[in-house]
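**Q** I'd like to ask you about the structure that follows.
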Amino acid sequence: MNFGVGIVGLGRIGRGVLRNNFTQAVGGRFDIKVVCDVMPINQVAYLLSHDSTYGNPPFSITIDGEHLIVDGKPIKYQRVDRRRGNPQDAGLGDLREFELDVLFDATGTATNDDFRTIIRQNIAKKTLCTWNVTGLDISLVYGVNNDQYDPTKHDVICSSTCTGNALTPIFHILEQHIGIDYARVITIHPTLSDQKVLDGYHVNPQYGRTFNESIIPTSTNVGHSTTLVIPALTGKIDSFSYRVPNCIVSAMDISARLARNTTIEECSDLFNHYAQNSLNGIISCDYGSFGHQKVSIDYLKTPYSAVILMQYLTAHGCQLGLSLMHDNEWAYCCRVLDILGVLSSAKEKHSCARNS
Ligand SMILES: NC(=O)c1ccc[n+]([C@@H]2O[C@H](COP(=O)([O-])OP(=O)(O)OC[C@H]3O[C@@H](n4cnc5c(N)ncnc54)[C@H](O)[C@@H]3O)[C@@H](O)[C@H]2O)c1
């Protein structure tokens, strides 16, 4: 069935989704019809062809006029700048001709109003974004609540955040089987592109500090991302983050007070059970290599939303200690494609139901 996708924002995540789309299936897992950014087309082609984190892609990229040719498939490139106000002026109005089922937004800069306007003006039927935009219809974490997606009700959708995708499945398991009274979550997050290379102005002053000289304490939305999907945990999670000067792979340190006493064996059995069954491909239990714990770069390109470092699992009465790692870009891009799969299957089911 035809399911047309557009992408706005070809930064780390937009390019990562494009790259994963063509890595997962020859010719692309989804039919990406158009991609947009403020950059000129040759800069997009350059960045897609040479990636300092993941290396060169395993497929060809060329340019033909206003099209990027990715793995032999022409994709229209549209220069847009949403700061120019309404979608027509921004360049998004031209996307109407593609009759997009979903416009995936990885700019980090659009608002709920922008998304509603895109739907109202028939530029795309749905929007999917990469952050917890205020006013969204649903935040979907693949493996946890993707079966709650209802195409008749949900138009502005979020695929949660990288840390939300890591923490939510783990807290889903604990909340289902034991209960969580309180958790303190610390993310140790790689540098992001909104940080400064040298000290300078930034609306968030800590991000204005030289990125590779300090461990930068800052806020994180991981608690909010998790409670959007598991509302029973509202008010029970405190979180903050350290930005550290590596370019990829995030870690998370969790101290939780559970609703009852537990043991390492019980938690270990639970995590392994889920990793082999309903969360197969989403979480993984890692026991190290040759008796030694692996380090963050060893998880580069790991598709799991969360890798549990089993050697660091602790349980004392109702106090649980957990350490996770995840490739904040690669795993997240895999989940975005999985959520596109959810939207695509729902469209198919909906149109079959209407035709029968
Ligand atoms: N990098 C990560 O690890 C990660 C993981 C999960 C989610 N996210 C989320 O994904 C989003 C993007 O993050 P990123 O790391 O890819 O950022 P990025 O800065 O690398 O990419 C953003 C892209 O959007 C484009 N853009 C920004 N404003 C625009 C506008 N008004 N019109 C047109 N294009 C515009 C920029 O030119 C850039 O190419 C953010 O919401 C972020 O929170 C990032």
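Indices start at 1 and increase along the chain as displayed.
Using N, Cα and C of the backbone, Cβ positions are placed for all residues, glycine too.
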**Q** Taking TrEMBL at its word that ARG12, ILE13, ASP37, ASN328 bind NAD(+), choose the one of THR117, THR127, THR130, THR234 listed for that site.
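**A** Checking THR117, THR127, THR130, THR234 against TrEMBL: the NAD(+) site match is THR130.
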**Q** With the Cβ atom as the reference point and anything under 6 Å counting, tell me which of the recorded positions (ARG12, HIS189, ASN328) are near ligand 1.
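**A** Once distances to ligand 1 are taken from each Cβ, ARG12, ASN328 fall under 6 Å.
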**Q** Run through ARG12, ASP37, THR130, ASN328 for me and report the binding-site residues whose CA is within 10 Å of the CA of CYS162 (active site, nucleophile), in sequence order.
**A** THR130, ASN328
**Q** Quick one: Cα separation, ILE13 (NAD(+) binding site) versus HIS189 (site 'Activates thiol group during catalysis'), in Å?
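**A** Cα to Cα, ILE13 (NAD(+) binding site) and HIS189 (site 'Activates thiol group during catalysis') are separated by 15 Å.
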**Q** Please report the three-state DSSP label of THR130 (NAD(+) binding site).
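**A** For THR130 (NAD(+) binding site) - judged by DSSP and reduced to three states - the answer is coil.
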**Q** Once near-sequence residues are set aside, which residues in the chain of ARG12 (NAD(+) binding site), 6 or more away, have Cβ atoms under 8 Å from its Cβ?
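**A** Same-chain residues close to ARG12 (NAD(+) binding site) (Cβ under 8 Å, separated by 6 or more) are SER193, GLU329.
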**Q** Fill in the CA-CA distance, THR130 (NAD(+) binding site) to HIS189 (site 'Activates thiol group during catalysis'), as an integer in Å.
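**A** The separation of the Cα atoms works out to 17 Å.
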**Q** Restricting to the same chain and to sequence separations of six or more, state which residues have a Cβ under 8 Å from that of ASP37 (NAD(+) binding site).
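**A** In sequence order, VAL8, GLY9, LEU10, GLY11, GLY14, VAL44, ARG79, VAL80 meet the Cβ cut-off.
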